[in-house]
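Participant: A single structure is presented below for examination.
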Amino acid sequence: MGTQGIRPLVAGNWKMNGSRAMAASLVAEIRTLAAAGPASVDLLVCPPFPYIPEVGGGLAGSAIALGGQDCHMAAAGAHTGDVSAAMLADLGCSHVILGHSERRADHGESSLLVAAKAKAAIDAGLTAIVCVGETEAERDAGKAENIVEKQIIESVPAGANSSNLVIAYEPVWAIGTGRTPSVADVAAMHRHIRSLVADRGPVRVLYGGSVKPANAAELMAVAEVNGALVGGASLKAADFMAIAAGAAVSA
Ligand SMILES: O=C[C@H](O)COP(=O)(O)O
């Protein structure tokens, strides 16, 4: 069973996908399905920056939360192309994904930068979803827990706690590949992460990496898994809500 007392969160990371029209129809569909969906699971959608207002409008009056996929560490200033945490909050976002492995790889983001971004997010009133996870080579070398431990220690800022922090464990080799770790490996890593953030209160620890309707119930039932960060499957409303239903089973 999932961790007692922690309400699951199922978050959709749309990454750099879609169009304005697609975002509008996807959010409308999610909203319709969510009305008949599980009440025991919190839902979050994280569209690309330009579509946040469109999606926010579509979510108005619903319990589904809105989030960004990144923010800058500074509150404002001369940072061409960047977006501040306060701007996300201004658009109605409550969450922001930080330190996703695609940003760590594509933009060379270090854990120390992620911590600075997380601090900025928390200062702006957002919940920071800090992503961690090992590469395949690191797992094969038996270093997965050490790598994730270092990422957590360096990426989680002082002042973060269960009211403003979510951890997402996403093995890099499981993202978009259709491969997932064994249930035993997910359980071991989540137990380790839980021990690392124990002094921050009952922090949600999500699993991400090829979560689909077919494997959601099994993954969400693992001890210490408090929901999912979903990429590809979050672009189909029916799949996203089927994953939420899987998380509800273990809630
Ligand atoms: O943020 C989401 C993850 O990167 C997982 O992506 P995926 O579900 O497409 O494997």
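Cβ from N, Cα, C; glycine included.
Curation plays no part in TrEMBL annotations; they are all automatic predictions.
Found this in TrEMBL, in case it helps:
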type     : residues                              : note
ACT_SITE : H100                                  : active site, electrophile
ACT_SITE : E170                                  : active site, proton acceptor
BINDING  : N13, W14, K15, G176, S210, G231, G232 : substrate binding site
Participant: List nothing but the one residue from G176, G231, G232 whose Cβ has the fewest other Cβ atoms within 10 Å; the candidates are the binding-site residues.
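Facilitator: Each of the binding-site residues G176, G231, G232 was scored; lowest Cβ tally within 10 Å is G176.
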Participant: Tell me which binding-site residues (W14, K15, S210) have a Cβ under 6 A from ligand 1; sequence order is fine.
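Facilitator: The qualifying binding-site residues are S210.
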Participant: Specify the count of other C-beta atoms within 10 Å of the C-beta of K15 (substrate binding site).
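Facilitator: Taking all protein chains shown, K15 (substrate binding site) has 19 Cβ neighbours within 10 Å.
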Participant: With the substrate site defined by the record as N13, W14, K15, G176, S210, G231, G232, how many Å span the farthest pair of C-alpha atoms?
Facilitator: 14
Participant: When you measure from the Cβ of W14 (substrate binding site), which residues in the chain that are at least 6 apart have a Cβ under 8 Å away?
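Facilitator: Listed in sequence order, they are A23, L26, V45, C46, P47, P48, Y51, Q69, S234, L235.
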Participant: Got a sec? Which of these binding-site residues, N13, S210, has the most Cβ atoms within 10 Å?
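Facilitator: Compared across N13, S210, the most Cβ atoms within 10 Å surround N13.
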Participant: Rounded to a whole angstrom, what is the C-alpha distance between G232 (substrate binding site) and E170 (active site, proton acceptor)?
Facilitator: 14
Participant: Quick check for the class: what is the C-alpha distance, in angstrom and rounded, between H100 (active site, electrophile) and the residue listed as 'active site, proton acceptor'?
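Facilitator: Cα to Cα, H100 (active site, electrophile) and the residue listed as 'active site, proton acceptor' are separated by 8 Å.
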Participant: List the Cα distance (Å, whole number) between S210 (substrate binding site) and E170 (active site, proton acceptor).
Facilitator: 9
Participant: If I restrict to non-local contacts, at least six residues apart, and a C-beta distance under 8 angstroms, what lies near the residue listed as 'active site, proton acceptor' in its own chain?
Facilitator: H100, S101, C131, V132, G133, Y207, G208, G209, L229
Participant: Can you tell me how many other Cβ atoms are located within 10 Å of the Cβ belonging to the residue listed as 'active site, electrophile'?
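Facilitator: The residue listed as 'active site, electrophile' is surrounded by 28 other Cβ atoms within 10 Å.
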